[in-house]
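Visitor: One structure is given below, represented as structure tokens, and several questions about it will come after.
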Amino acid sequence: MGKVLILFLFVLLLITFINCTNNKILNNENSSNEDNVINVFLIPHSHCDLGWVQTLEEYYSENVTVILDNVINTLIKDSSKKFNWAEIYYFETWWNEQSSFLQAQVRNLVNNGQLYFVGGGWAQNDEGATHYQAVINQMTLGHQFLLSEFGVVPEIGWQIDPFGPSTLTATLFSLMGFKYHVINRIDERIKYIYNDTPDIVGSGWMTTDRSFEFQWYPSHNDQELSIFTHVLDHHYNSPYLIYPNASNPNQSLTTGFDFESDPTQNPPINQSNIYERAAVFVEIMQQRSQLYRHNNLLIPFGNDFRFQNASLEFDNMDKLITYINSNSSWGVTIQYATLNEYFEKVESIEPPVEYADIVGQDLFVYTMCLASDYQAFNTCANWWSGYYTSYPLLKQTARDSDSLLRVGEMLYSLSCFYSNGFDFDFNIGFYALSMHRNVSGILTHHDAITGTAKEYVRVNYFQMLNEAQSLTLDYNIPDFVGFLLSNKSLNIDYQSNGSSILNSTNPGDIIAISFTNSIAWDRIETVSIEIPFVNMAVYDYQLNPIQSQIVQRFDKSNNWYLYFQVATPALGISTYFIVILSTDGEILNDNSKNLPTPIQSILSISNELLFNDNDDETTTTTIGNSNFNLNFKFDRDNNNLLTLNSYDDLFNNKIGIPISQHLIEYTSLSDDAYKFRVQGLPIPLTPINPQFYLTIGPVVQIVTIIYNNNCSQSYLIYNDTTSFNPFETDNDNNNNSRLIKNDQYFEIDNIVASGWDKEISMKFTTNINNQNIFYTNNGLEIMKRQWEIHWNDTFIWSEITSNFYPMINTGYIVDQQVSDYQQQLTILSKQTFGASSQTNGEFEVLLIRRSNYTQWSVHEPMNDTSNPSLRVLCIFGDPNFSNEIRTPHSILFENPLQPVYSLIPNSIPIEKYIDTYNTLFKPLQTSLPYNLHLLTFTKQWIDSPSIIMRLINIYEIGQSINFSKSINFNIGSGDNNNNNNNNNNNGFLTHYNISQIIETTLSANSELSNPTNNLVITLEPLEIKTFLLTLSPKQ
């Protein structure tokens, strides 16, 4: 995303950069720059967004093909030219369109070091809103392509445009074997000294300390994990110089070397101006050399979609290079370089340079210092914390799509090596899976998942997501489930759209619903299915009748939903049956009269709750289960809104613990999809003719609060109606089903929409003494946040928005002082939001945003007219217990059971159906323990017997007394009970033989171990390990 240079305006009037660096650095007695020739490594590159102000198809056809055609042609003709390429989605698309002759030429360019791949992912993924599994997916796509086509293993990260660097990226890149990492967008007050404003104390510490390069130790959980990191000192465009306008001191002028840009600011090099242009270039190099602890400079040469006219760029720069290199008095030597050449040079310096360390710290919130803001507010005041939430429906759809992709990956991988005697064509499934992978990778792009692209581009992203999900839902999942459950016949009648079946049923009909569990833990949890209003009963996979409940949801267009608990084996499938009963509760299907007596679904009538002026402050509405209650009261100060008021901890016999939750509303000052800038403090969202409903039943209890036609909240509490895990064996010591249950949390289903210049947030208020400390996660690790005033910026909007941080899926506040009854409030989400604690005891999640302000780069307002359902899970109570269960609950919440439906013909007795088709598929010998998560089980290539398997120990150091410890796991036997003597490779998989195991880097492009067929591994807290498994079916 770009990147109009004049809009940065790090003007010398504002940043007295030259003076500061000369005064503060040249006098540093440890400087290694003095009296040395400056070695300039010019990095030719083109930053190619996968959509932004145009769609990626438009960018590809109009720009990228031109760039690659011309650059490759130039490199072929001139071996002195070099180029660095990042976005592999574009490169692979282009590559597949080339002749075998040109492909051979390109391979030569790669082999001789002229064409160099940096990063190597599908995209430069966003770091503030993207889930780590999606990051791994998109990096694996790119890395596998580079490995298969060129034998290339990338080793340098190139994240030059994402809006703030996360520790997650540095951690994952380290696990991929990267040695070096280049970043760019950090708070510009970290980079530059603003000494015209004495109130910005401490600005420019990277300049003062010459710390634009540092050793980054990103993980609190692995102190040995590190990556050498370089911060671009002046963005990723070609060199430029900004200087005061002598005729107008309120303006500045820019001159530079972006030869495809405005020629008045970037004049072509000729004989008449070469001395002047060389002097400017050398001046820039001399200034920038003062920022580093050595005399080598990494200088980007390019910009957004540059090098469409490759000869123009190279020809002009050739003249400068020749002229400057031929005159040693300049003290500068320049060379075209690939990124690795720069880092290899820096690494070879003797004696080694000492660098600063950054430990466990990310670099959010990004702030761009625009001249207009600086002149208006005397500070930057441009906090990019808005994009953590912007366009939540897009973020939700992308996360749901990734969950669906995971289901498809698991089913495809399990099906390919499953022997049941039936022929099956896997080509269609692999095509659908490949497309879904590609779309998942595209959506990680830093202008896609962020919601920062133009509207029609965002629509294009939705179209991609819908097409990918449709293929997976219409073909992959139904077909693979039918294949895996086939016994005496191949079941091809499944479909993912249950409404088409359920809405056409008649009394006596029986619908089979098969639920796929993509997580390697046994699961028992409540599901809901939209149904027509009919009498029903539910049977499990063994035809046992089970309790169910029918609820009318007034917050969901008054539709009816069926709730019941489902048990599924780890990574497996369970089939449940819905029987349509007569009006008097009888089974009318003559072929199914042998079914046990049904338990008719309980019809729970939702009673409307009406405010009564005679109600006193003690009048309470309560929903609950055996663990806790939620208590609600009418709020006379907010139009008599029914409001959460307190919590009863029944397990610890603590009654009436204060907790409330309100929807609040900010008014925009000049918000856009990137930045969050509001007028002031929020106010409670005022309901218009509110309605309230209470639903009580054996499976679920609900309080529904309807603010208006497009805004509501429903609180749901589930009861545990299943007393044991049917899949546990005598040898299973994990006892997973008893640790994680869905009666441990309450759910809030927010259905929200914003008016113009309004932003809606959900705010929890408790008596937790969090001392302005709160926690959000980067998807993998919890990050400690501290509410504070940054850079002495006391504008009210800055105090608010500078303290919002990305919450990928988890956030919480906790009592900071030990007491007899410490409390913790934990919020789990299925998508990223901005989150904060603005006041002691409060936790806030920004849900949806809309603004009429026209953003300068996309030239559109943030006009989000969606009305999404945004669900969160809430865990309240003891911190030790909350931290023990929050991570497994988060994984399960993000990866729901995936149903497929089939109408059983009335002519087939139910007994014959379950004899023809299995009702259970159990691929693992036993459920994994809750601290061991099967992150990936993917057959990446259609013609390979290998599976990429990733395992992660999901608990952090100190998170849980019981689970924050190392795990021993025998991939051959599946034994996680420290039994290292089992050499009989029965496999932890039930239906599959494992003939070879190789440990690899995270993106599976480098081997870390020799092949074996039985491997005992140890995973420390939060450690990820990746393996290639060679599988074959058990006969």
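Using N, Cα and C of the backbone, Cβ positions are placed for all residues, glycine too.
Annotation source Swiss-Prot lists active site, nucleophile at Asp161, citing similarity to another entry. What Swiss-Prot lists as Zn(2+) binding site is His47, Asp49, Asp161, His446, and the listing cites similarity to another entry. Annotated N-linked glycosylation site per Swiss-Prot: Asn30, Asn63, Asn250, Asn309, Asn438, Asn487, Asn503, Asn719, Asn852, Asn880, Asn962, Asn993 (among others), in sequence order, evidence recorded as sequence analysis. Residues annotated as signal peptide in Swiss-Prot: 1-20.
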Visitor: How big is the gap, in Å, between the Cα of Asn962 (N-linked glycosylation site) and that of Asn487 (N-linked glycosylation site), rounded to a whole number?
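Guide: So the Cα of Asn487 (N-linked glycosylation site) lies 41 Å away from that of Asn962 (N-linked glycosylation site).
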Visitor: Excluding near sequence neighbours, so keeping only residues 6 or more apart in the same chain, what lies with its CB under 8 A of Asn719 (N-linked glycosylation site)?
Guide: Asn625, Ser626, Pro698, Val699, Val700, Gln701, Asp743
Visitor: For Asn309 (N-linked glycosylation site), which of the recorded positions His47, Asp49, Asp161, His446 has the nearest Cα in space?
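Guide: Checking each of His47, Asp49, Asp161, His446 against Asn309 (N-linked glycosylation site), the shortest Cα distance is to His47.
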Visitor: Specify the count of other C-beta atoms within 10 Å of the C-beta of Asn487 (N-linked glycosylation site).
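Guide: Asn487 (N-linked glycosylation site) is surrounded by 15 other Cβ atoms within 10 Å.
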Visitor: Sequence gap of 6 or more, C-beta under 8 Å: which same-chain residues meet both conditions with respect to Asn852 (N-linked glycosylation site)?
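Guide: Residues satisfying the criterion: Ser668, Trp756, Asp757, Pro861, Asn863.
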Visitor: Would you count the other CB atoms within 10 A of the CB of Asn438 (N-linked glycosylation site), including those on all shown protein chains?
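Guide: That number is 19.
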Visitor: Determine the Cβ neighbour count for Asn993 (N-linked glycosylation site): the number of other Cβ atoms within 10 Å of its Cβ.
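Guide: Its Cβ shell of radius 10 Å holds 16 other Cβ atoms.
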Visitor: Under a three-state reading of DSSP, tell me whether His47 (Zn(2+) binding site) is helix, strand or coil.
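Guide: In the DSSP reduction, His47 (Zn(2+) binding site) maps to strand.
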Visitor: Tell me, how many other CB atoms lie within 10 A of the CB of Asn880 (N-linked glycosylation site), whichever protein chain they belong to?
Guide: 13
Visitor: Pick from Asn63, Asn309, Asn503, Asn962: which of these glycosylation sites has the biggest number of other Cβ atoms within 10 Å of its Cβ?
Guide: Asn63
Visitor: How big is the Cα-to-Cα gap, in Å, between His446 (Zn(2+) binding site) and Asn487 (N-linked glycosylation site)?
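Guide: Rounded to the nearest whole number, the Cα-Cα distance is 46 Å.
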Visitor: Can you see whether DSSP assigns Asn993 (N-linked glycosylation site) to helix, strand or coil?
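Guide: The three-state answer is strand.
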